[in-house]
Amino acid sequence: MAHNVNFDLTAQHMEAGLESPVDEEGVHDSFNQLIEDQRQEAFELQELQRELDEEERDSVAYLSSPGREIWRGSQGRGEEGEDEEEGRQLDPLIEERWSSATLKVLSSMPSRTIGRSRGAIISQYYNRTMKLRRRRQSRPSIKDFSRSARPSIRGYGMESDCMETEGVDEEGRKRDHLVNNLQNLSLSDRVRMLRAMPLSVAEKSELRRLADRKGQRSNHSQIPCCSQLKYHIIIALRQSWYSCLSFLHSLQLWQVALKRVSGRFGTGVLSYFLFVKTLLFFNIFLFLVTGLFLALPQAVHPPTLTQGHEAFSGLELLTGGGYFSDSVMYYGYYSNSTLYKDCRVTSSSMDQQPSPSVSRRTMEADCGVKLSYSMPLAYFFTIGVAFFITCIILVYSMSKSFGQSFRIDKSHGILAMKVFCSWDFKVIKKTSVKLRSENICTQLRELLEETNRKHVQKTVCQRIGRVLVHVLAWFICIGSTVACVLALYYFSEYMHKDLQYRSRIPTKDPLLKEASLLALPVVVSLINLLLPGLFNATAWMEEYDSPSVNTYVAISRNLMLKVSVLVVLCFHWLGRIASDPHSIGLQCWESFVGQELYRFLLMDFIFTILDTFFGEFLWRLFSQRVLKRKRKPVFDISRNVLELIYGQTLAWLGVLFTPLLPAVQIIKLLLLFYMKQTSVMMNCQSPRKPYRASQMSTIFITLLCCPSFLGAAVCVSYTMWSIRPSESCGPFRSLSTMFQSGKLWVKELETHNPNLAWLAWVHSYIVENPLFLFLAAGIFLIVIYFNTQVVDGQRKIISLLQEQIENEGEDKKFLITRLQAIHQQKRPLSPRRLTSQDSNS
Amino acid sequence: MGNKQTIFTDEQFEAYQDCTFFTRKEILQLHGRFHELAPHLVPLDYTNQPDVSLPLALIVSMPELKENPFRHRIVEVFSEDGQGNMSFNDFVDMFSALCETAPRELKTIYAFKIYDFNVDNFLCKEDLEKTLNRLTKGELTPEEVNLVCSKAMEEADLDGDSKLSFSDFENMISKAPDFLSTFHLRI
């Protein structure tokens, strides 16, 4: 039993289990021929294996385990049994001269032929088109794959290996097949396949031409005219898609500027500017939605103002109050009435609204009599829909980013990766190139040192010292954060009291009152500016081993600070001001909160300008002129991105109270882009530490989604659901909550139009019933749970596959050695082999 | 505008769009760049597919490649003859493989070819040494280069033949998420 198990079983296993060199022939079947050629050797190999097994019949403990284990076991035993020979073979595998047959087999292994010759590429892609076609034609085939115990990527290529085993004019035939397959694919698949081929354009366009021509011919001969029509439609669609693409391309923003930045600083700093661009698009979207559905209709039908406009004093630009307070910018200006007009008149203004999906919802579409635009409803749904779409876009981009940058991190392979993947091909400026190669040089040296040092054991004292330093650093950071937050809490309370006091006594100087409102934003921005500096100082004290840990710690500290500051501020706005607006003499607390958010956003911007000027420009001058240092300051990417996220959170929070706040944010981001770009080009040098751009941008987009957007969404929905809106202003006056507007509308609809009674029913049961909400949340959570499980499974599969790759490497090593051994046996002239044969027999 | 229309026929445009990752406008832009390199050699009219190729020295003088330590290899790999003489098709090929939207697989194949200095389809120690020297501009001492090479080889070589085959390389690249964004030339 023992002797016939091993190699035969593995041979079967190879074919069935899709996981050894044989299935690689699916990728490149010229290997098949060679396999045929080497069948003789393989047979001998089996013989040899039998002999070996007979020798070691006593160590059969492995046999009970399934195929793969046996295979590995047999290998182990093989090595054990003839360790002297093995030792001689495995080790000097490199130096030893291989026989020509071994070399032949080796050189035709698929892993080594990929991309070598045109023929190989063509056949590889032929196989791939086959796969695609089959998967498309027969869905159930996937089931077969999933049944295999161990998933193998290469397994997909398996089925096509029996197709062609012999061939004379390999390349030409393959090409014909490829063309045939290509034309059987759908157009988009064909284009994708063509684009991904590592062939020259000339070659590809030839293939494409052939495929097209054949396709057309077959079209004319076989396919009925409706299919031809379809074909033409597809062609037309594709052409319009291309023109659409080139239009989109011409819209792309800041091409030149981004190229300049990346040419000098590489991918890391570029990711900051790309993040600015992403935020800009989010805000443009938000601005378009609120501007079109809220600001524009309201601006066309201005409400009658009770008091006249205040005079413009200039301070309004900072405080957002005064002249601006009764304008379309703030919540308070919007009317609660339905904007009625005759159908003729309104239809022209309604036509301006492009997206019918939202406008249909927001207006009561009974044009038979009148066309109306219910402002409260529009307000409610616009904000809701805008948040919903933003959420979807965010989650989508987050998942995409995760998909791109998610890899299993392993510490080994780092040096090789550094050699091959550390060059940033975007960098084109001479000095930066020089700097970069110096950086790579030092990084390589550090890595070498690390691998040579092999974990110098630290003494207990050193370790305790380190832990103490970390504890101290965290203590300082958390302590300072808590202190700042408390100070902010009491300061905001003080300011609130001050406002109450001022509201009771009529002040002579309204400007002073306005200016005092700026105190809180200034304090918050100061905290945001100064505390990160303190955090940096503590991080400098700590000396983390790896730069990535350092970055994560810095990010988490900054995040902690910003989140707690925002929590206090939200409490201040929604808890203090909204609950009792009359005590500070406010007619319209929503507008006041909107103004506050405007002030905060602006202050944040002003402090960023100051920071850029002092922290980058003046610091560079100082260090170059006074300290006579050649080094320029380094652009701190993560801190800057976190500031962007903070600003964006403010903008999202403020949309409900200041529908035009996205416009302010757009202007801010535009200015910021140009300012930062000039500052970076003038004052900074590229960072010395390696920056994992794709991983970091994944983290940042996650942060933008999770605490930032979700926090803002929670605040906004809390305001909508449970805070009483002001009674004398805004679209929701006279309602107990903003949410009621939807309810009222449904009721009204029901009375007006009995046919739509089901809508009211749906509304009352689905939207108002908490059970449904719970159910939806539950389903959502379950979906998330399943997704995490799937991701977890994929992670496991990936690590399994990694392991498999390594195992296959081992297998290959083993097989090559065997092959070599057999050749040596066949050539008894070699004196060394003779001795090893002796030891064998 | 009328001038632009006659550089390529619509069919050529379509072929380029189907075979590369570029839009019509980008192809025109590329043609402009190619023309710029040698205005007297490269015709403005490409409708009859003239057989013009520019020597390596000219291509390498582009600002995008000028400072790149691997510029000669890049140009050689993408040129049809392997010597660095580039036709416009090769030129488009080069930027297409190095553009943002190219898939990881394509980029990996070309990166492998670029690092394979002696064109033997393996990254052997010699290639590694050359890569390193170019990367660091010869700042490392020979011993250090040697050490880095052997360590890197040890890490990445799976089948123990002390050279990296394409699959070894691919396996290694798959662990480097930044590769996709750094192996990218902006036009």
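Using N, Cα and C of the backbone, Cβ positions are placed for all residues, glycine too.
Taken from TrEMBL, the feature domain 'TMC' covers A:588-694. Per DSSP, the domain 'TMC' (A:588-694) is made up of 81 helix, 2 strand, 24 coil.
Residues annotated as region 'Disordered' in TrEMBL: A:53-92.
TrEMBL lists A:270-296 (among others) with the feature transmembrane segment.
Per TrEMBL, the feature transmembrane segment maps to A:378-398 (among others).
Among the features that TrEMBL reports, transmembrane segment is placed at A:467-491 (among others). Only residues 6 or more beyond the boundaries of the transmembrane segment (A:467-491), in the same chain, are considered here, and those with a CB under 8 A from a CB of the stretch are 519-520, 523-524, 527, 531, 534-535, 538-539, 541-543, 557, 560-561, 564-565, 568-569.
Listed by sequence, the residues of this chain that lie at least six past the ends of the transmembrane segment (A:518-538) yet keep a Cβ under 8 A from its Cβ atoms are 318-319, 473, 476-477, 480-481, 484, 488, 491-492, 495, 554, 557-558, 561-562, 565, 569, 596, 599-600, 602-604, 606-607, 610-611, 639, 643, 646. If you look up TrEMBL, you'll see A:518-538 (among others) marked as transmembrane segment.
Long-range contacts of the transmembrane segment (A:559-578) within the same chain, counting only residues at least 6 positions beyond its ends with a Cβ under 8 Å from a Cβ of the stretch, are 477-478, 481-482, 484-485, 488-489, 492-493, 496, 524, 527-528, 531-532, 535, 584, 586, 589, 592-593, 596, 600, 642, 645-646, 649, 653, 703, 707, 711, 715, 718-719, 723. What TrEMBL records for A:559-578 (among others) is transmembrane segment.
Residues annotated as transmembrane segment in TrEMBL: A:598-619 (among others). For the transmembrane segment (A:598-619), same-chain residues at least 6 beyond its ends with a Cβ under 8 Å from one of its own Cβ atoms are 317-320, 329, 517-518, 520-522, 524-526, 528-529, 569, 633, 635, 643, 646-647, 650-651, 654, 658, 661, 664-665, 668, 671-672, 675-676, 679-680, 682-684.
If one looks beyond the transmembrane segment (A:696-721) by at least 6 residues along the same chain, the residues whose Cβ comes under 8 Å of a Cβ in the stretch are 268, 271, 274-275, 278-279, 380, 383, 387, 390-391, 394-395, 397-398, 401-402, 404-406, 551, 555, 559, 563, 566, 570, 574, 578, 637-638, 641-642, 645-646, 648-649, 652-653, 655-656, 737-739. According to TrEMBL, the feature transmembrane segment maps to A:696-721 (among others).
If you look up TrEMBL, you'll see A:771-788 (among others) marked as transmembrane segment.
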In this predicted model, the domain 'TMC' (A:588-694) has a mean pLDDT of 88
